[in-house]
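Colleague: Would you mind keeping the following structure in view while I ask a few things?
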Amino acid sequence: MSMIFGVPLAVLSGQLLIGIINGAFYALLSLGLAVIFGLLKIINFAHGAMYMLGAMTTVLMFDYLGVNYWVALLLAPLLVGAFGVAIEYFLLRRIAGQDHIYSLLLTFGIALIISGVLVNWFGVSGLRYAMPDMFKGGVNLGFMFMPYYRAWVIVAALVVCFGTWFVIEKTKLGAYLRAGTEDSQLMQGFGINVPLLISLTYGFGVALAAFAGVLAAPIYSVTPVMGSATLITVFAVVVIGGMGSIGGAIITGILMGVIEGLTKTFYPPASSAVIFLVMVLVLMFRPSGLFGKEA
Amino acid sequence: MNQPVNSADIHKAIVEEQAAQDRKKMMLNGVLLLILLAAPFMIYPVFLMKILCFALFAVAFNLLFGFTGLLSFGHAAFLATGGYTTGYLLSNYSGLTTEMGIIAGTLAATLLGTGFALLSIRRQGIYFAMVTLALAQLVFFFFVQSEFTGGEDGMHGIPRGELLGFINLEDNLNMYYFVLVVFIACYLLVQRIVNSPYGQVLKAIKQNEPRAVSLGYNVDRYKVLAFVISAALAGLAGSMKSVVFQLASLNDAHWHMSGEVILMTLVGGMGTLLGPVVGATFVVNIEYQLSQGALRDWVDPILGGIFVLTVLAFRSGIVGEIQKFVKKNLG
């Protein structure tokens with residue numbers, strides 16, 4: 001067996017793979033945060049709860065309605081996205097003119113309610129979601145074993161990330177979004193329905209989180225509290241990358257996943273902390289973030 | 001109505017009114033003090049001490065959030081650092097008197113707060129909140145993995161010991177009056193800070209930071225100092241809490257605790273002196289009442305609901321709304 005730095009290649013590449021997958025989740029989640037932040041200028045503290053809702057709806061729809069994975073992949077983000085639109089319309093909009101701190105606190109309260117209610121219904125021990133049949137097994141790449149599902153997660157996350165980047169940077173709708181980020185009043189003056197755009201943006205960002213949740217359901221333990229710890233890590237990722245660019249959010253997410261995976265191989269005790277340590281370093285030497293423009 | 005108006009008369013009237021207001025305030029404070037002194041004879045002292053510790057925690061947080069405009073989402077780290085340090089020292093070095101352990105815990109939190117402050121003021125607004133949250137998570141991981149904290153089990157059986165070597169704190173009444181004295185001292189300190197020229201600059205930073213910068217203030221220095229004082233007082237609250245309950249646990253370090261102190265401050269009234277005290281009393285009571293009844297599993301969602309309601313309907317909090325009401329109807 002070939003070794004690299006005293007670690008078997010298979011172990012190293014296995015951890016790298018897990019790192020890339022975790023990174024794909026960080027990328028999807030920080031992308032959603034960045035999209036919401038762009039137009040609404042708020043940090044969505046309910047993002048972790050929405051990710052969790054995506055995973056929970058997938059499991060529950062399967063258990064009670066027999067909805068399969070592929071339908072869930074479409075339906076869960078739609079449902080959670082609609083929920084997000086409702087939250088924006090009924091709650092966030094009411095404090096739109098206020099200090100952004102309030103909307104942050106509001107979404108924090110919403111997250112407490114959602115996860116608290118679900119903990120009561122389902123407890124904190126994980127729900128099981130069976131791996132879809134077609135993803136069972138994997139392929140031997142010679143130096144490592146690649147489970148099909150993991151490969152799928154990477155592909156799906158990258159496609160969605162790239163699609164989002166494309167829509168925002170290259171299409172007319174994206175141009176509206178970017179213009180709204182610059183000056184939403186002027187946009188309104190041009191006859192564009194900004195409130196609707198804001199609702200849909202929040203819904204879309206939240207749907208991205210739910211999509212990540214569906215992807216996570218077969219490989220992570222699905223619990224009502226799965227979102228909160230992930231969200232804090234994603235915050236660190238966002239601080240590292242800055243929310244200035246969509247591409248930056250994606251790259252930083254995957255990079256941090258890989259660093260975490262490598263740490264797990266070489267020095268396991270630090271693996272849960274390493275992203276936060278990177279954040280400290282970035283704050284010391286490049287306070288505006290790797291891709292950020294403003295402080 | 002057309003009486004000649006003498007400016008000296010007006011001045012006299014203003015002075016008299018001021019004096020009357022001061023008298024009212026003094027009386028109010030006196031009544032409050034009497035209530036606090038008599039309270040342990042009517043209510044279980046440990047419960048009162050819990051309120052006082054959380055009130056101090058919220059007062060500390062409010063100095064930063066309410067008066068400087070910096071939302072820290074990581075204050076649990078200071079509460080826990082104070083608690084664990086004091087707990088560890090008092091458990092392992094029997095020669096230490098209680099107040100020495102508490103001072104050491106406060107110092108540890110102050111040090112940590114300095115580190116937090118220097119890093120987090122490099123970003124502003126919501127980034128500041130995210131950085132503090134992430135740093136606190138780092139501290140949380142450290143406490144989870146450290147041996148001395150007892151990990152998931154927590155630190156138990158911390159001796160209350162003797163204050164100054166001769167006041168037995170195992171006695172709940174002694175303990176209560178000690179906590180009360182510390183609390184009042186800290187409250188007065190924060191009041192003094194807020195009303196000092198330094199406090200005025202903090203308010204100016206809160207209202208409009210670029211303006212404060214252009215007036216020539218080194219804003220970062222003011223912010224760091226406010227953060228450090230706030231962290232120190234939060235650590236003191238944690239130290240006292242660990243002595244009172246003879247227990248320090250991971251709950252204190254969890255982000256949940258950082259959220260709770262925000263809620264206390266917000267519900268009571270951010271940016272008011274009495275607000276955090278009222279808010280802490282309110283939240284601790286609600287949690288206690290809920291935990292006794294049929295809704296005991298619903299504490300989190302209910303707290304979340306209070307959060308949402310407060311933000312939507314009464315952002316000024318209990319004390320803030322009362323002040324507004326008094327100003328409108330009686331002023």
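Placement of Cβ uses the backbone N, Cα and C atoms for every residue, glycine included.
Okay, so TrEMBL annotates it like this:
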TRANSMEM  B:26-47  transmembrane segment
TRANSMEM  B:54-80  transmembrane segment
TRANSMEM  B:100-119  transmembrane segment
TRANSMEM  B:126-144  transmembrane segment
TRANSMEM  B:173-190  transmembrane segment
TRANSMEM  B:224-249  transmembrane segment
TRANSMEM  B:261-286  transmembrane segment
TRANSMEM  B:298-318  transmembrane segment
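Thinking about packing and proximity, how do these listed features fit into the structure?
Modeller: Same-chain residues lying 6+ beyond the ends of the transmembrane segment (B:54-80) with a Cβ under 8 Å from its Cβ atoms: 109, 112-113, 116, 120, 126, 128-130, 132-137, 139-140, 143, 182-183, 186-187, 190, 193-194, 199, 202-203, 205-207, 209, 222-223, 226-227, 229-238, 240-241, 248, 250, 252-259, 261-262, 264-265, 268-273, 275-277, 279-281, 283-284.
Long-range contacts of the transmembrane segment (B:173-190) within its own chain (CB-CB distance under 8 A, at least 6 residues past either end) are made by residues 33, 36-37, 40, 45, 48-49, 52-53, 55-56, 59-60, 62-63, 160, 163, 167, 233, 236, 240, 243-244, 273, 277.
Panel annotation: around the transmembrane segment (B:224-249), residues 46, 49-50, 53-54, 56-57, 59-61, 63-64, 67-68, 70, 72, 75, 78-87, 90, 98, 101-102, 105-110, 112-114, 116-118, 120-121, 149, 154-161, 169, 175, 179, 182, 186, 189-190, 193, 198, 202, 261 of the same chain, lying at least six beyond its termini, place a Cβ under 8 Å from a Cβ of the stretch.
Taking Cβ pairs closer than 8 Å, the transmembrane segment (B:261-286) reaches residues 50-51, 54-55, 57-59, 61-62, 65-67, 71, 73, 75-76, 79, 187, 190-191, 194, 234, 302-303, 306-307, 310-311, 315-321, 323 in its own chain, all 6 or more past its ends.
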